[in-house]
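Asker: Pulled these from Swiss-Prot:
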- 36-68: zinc finger (ZN_FING)
- C41, C44, C60, C63: Zn(2+) binding site (BINDING)
- 154-237: repeat '1' (REPEAT)
- 248-329: repeat '2' (REPEAT)
Amino acid sequence: MAEVEKLKQLQLQREALKKRGEQKVKETEKKRTEESVQSVCPECGSRQLVHDYERAELVCQNCGLVLDEEFIDRGPEWRAFDHDQRMKRSRVGAPMTFTIHDKGLSTMIDWRNRDSYGRAISSKNRAQLYRLRKWQRRIRVSNATERNLAFALSELDRMASALGLPRNVRETAAVVYRDAVDKNLIRGRSIEGVAAAALYAACRQCSVPRTLDEIAEVSRVSRKEIGRTYRFISRELGLKLLPTSPIDYVPRFCSGLNLKGEVQSRAVEILRQAGERELTSGRGPTGVAAAAIYISSILGGERRTQREVAEVAGVTEVTIRNRYKELAEKLDIEIIL
């Protein structure tokens, strides 16, 4: 019983630290927002601003204008030359993240049986430490909501890893799922379905598009359920998502076909011209992107067959034939097959 009381006290301390940490994060975010007001170059209007830490300057990457100088380096005062050295000298934990149910603000008892000085724990105290560690794992997920989040976020991470999605997409998906939980949109729906729909919405928000078929392949629910749940949560959460642009698919498809940068640039230009003439309206973005890449590969001397392009893009050869003929005719592109 004494051990349980200790663990309850630890949990109360953990919750107090968690609240203090969240308040600190809010203050830091507010400060960062105030500091980043000047996020547009006054000379050329570009948003591509880069911090040059060697010269302590904020430089526009487009025109080279120095917007700020002698800014404060908020990094650590120590230097490290490899990963092990960095881990030894670091005095803080990982940053806050929405992809963990407790946002990464909780603590845990280390699995190595050593004290704070690095000395081995005596055999007499190891049994007690084992019990404390077991109870610590149990109380870390204390209620049904946290259990729901823990399972859903692990499912999100699994699907994102299978699709090779970057960190910002995972964070956005976790935020969308948390909002759905807060508004009680999970009731009557499967956790996997809502998680997959949140991931699909995050991909669209971050301009890293994935099709419903691709999401369905790595999830445990059907494409139909993902689409239905996605429409529901986007309506209830008020997500304002623009239609997916075919241009967003070009880099991934070109990489899958091992095409050079010139072919990719030409495909993007073809799609821009098609967009200006409204040739992409009402058509699937993957099919239009695949057709533009097919045309570009022929013009660039790196011909890929319609079957190869169709396999990478996840569309049929008939779709590519119809779209590429339409693009070639409307844009006056002469193709020699």
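Each Cβ is built from the backbone N, Cα and C atoms, and glycine gets one as well.
Show me how these features fit into the shown structure, please.
Answerer: Within the same chain, residues at least 6 positions away in sequence whose Cβ sits under 8 Å from that of C63 (Zn(2+) binding site) are C41, E43, C44, S46.
DSSP places the residues of the repeat '1' (154-237) in helix, strand and coil in these numbers: 62 helix, 0 strand, 22 coil.
Looking at the repeat '2' (248-329) alone, the prediction's average pLDDT is 89.
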Asker: Once the chains shown are all counted, how many other Cβ atoms turn up within 10 Å of the Cβ of C60 (Zn(2+) binding site)?
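Answerer: 20, counting other Cβ atoms within 10 Å of C60 (Zn(2+) binding site).
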Asker: Within 8 Å of the centroid of the Cβ atoms of C41, C44, C60, C63, which other residues of that chain place their own Cβ, given that this set defines the recorded Zn(2+) site?
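Answerer: Going along the sequence, the neighbours come out as P42, E43, G45, S46, Q48, Q61, N62, G64, L65.
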Asker: How does the repeat '2' (248-329) divide up by DSSP, counting helix, then strand, then coil residues?
Answerer: 61 helix, 0 strand, 21 coil
